[in-house]
Amino acid sequence: MTDAREPRRFGPVPWPILLLAFVFVFGAAMTLWGPVNLLAWRGGTFPMPDPERPVYQQKIVEIARVQHEDQPDGSRYFTRGDGDAGPSESGIPPKDGAAPDPDGPWDAAFVSWVLSEAGLPVRPEKPGNPDAWLVADTLELTGAMADRGAYIDAEADPEFSPQVGDLIFYDYPWPFGHHVNMVVAVHGDVVTVGGDELGGVGLASMNLRNRGGIMGWGATGRLEDPAAAEAAAEAAGAGADDPLDPDDVPEEAEPDPQIGPRPTVTPASAPRSGR
């Protein structure tokens, strides 16, 4: 006897199943390749300074801890410390159209302020320019770090291991733009603190197995170790036909192991914005 039943026909997949499949695939892709800081776990207890760390790292962590606890308005970081915020007096003139805008992004200003209060200004104060410490633009900050031999391009050194106090520079997809924050603890995951994160001083933990969105690093140990910074700056100035051999770096230029790795070549093409 012939089976007269018609073959089973499958209709279109219900849209809820398609939506769930899309969310699953998108989430997996973001976890593997998405901007790491946007995926970071937010909140938690701020780490205390480690007495075994170099003094400059302890200062950075303690200063940042107080800022995270206080949660001040971002405009604080466009002036030197006051009675509540730090030991120095304000030297920033009133803002005008050409000056840093305290109502705009303040992540770079926060990092500049913390480093300055810790005694490691990215741009040392000079006669006639007492406000050189303030670098309020993220790309300009990468250039300022490169000028000090302290910027490491993420593509040039994909295995760079950040230390406490180091900066992390991000290049987010549109519409987020660039961002910078700083490392305050390393224990498997990296714990960062940053200004202008969800409108305040934010704490985040992330795993660097995924380094999506990271464009570079700021090795603040080189700001504290002039010999290391000078060696890296010389490397940055070396011509493409005459690169610096790492073996040519003087032994005395090697920083303390807790400060960071031996100086690497800082690319002369480190991103900079106009000044």
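Backbone N, Cα and C define each Cβ position, glycine as well.
The structure displayed is predicted, hence computed values, not measured ones.
Over in TrEMBL, the protein carries these features:
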COMPBIAS  70-83  compositional bias 'Basic and acidic residues'
COMPBIAS  93-103  compositional bias 'Low complexity'
COMPBIAS  227-241  compositional bias 'Low complexity'
COMPBIAS  242-255  compositional bias 'Acidic residues'
DOMAIN    103-194  domain 'Peptidase C51'
REGION    70-103  region 'Disordered'
REGION    227-275  region 'Disordered'
TRANSMEM  15-40  transmembrane segment
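Within the domain 'Peptidase C51' (103-194), the DSSP-based counts of helix, strand and coil residues read 21 helix, 26 strand, 45 coil.
Taken together, the residues in the domain 'Peptidase C51' (103-194) have a mean pLDDT of 93 on the 0 to 100 scale.
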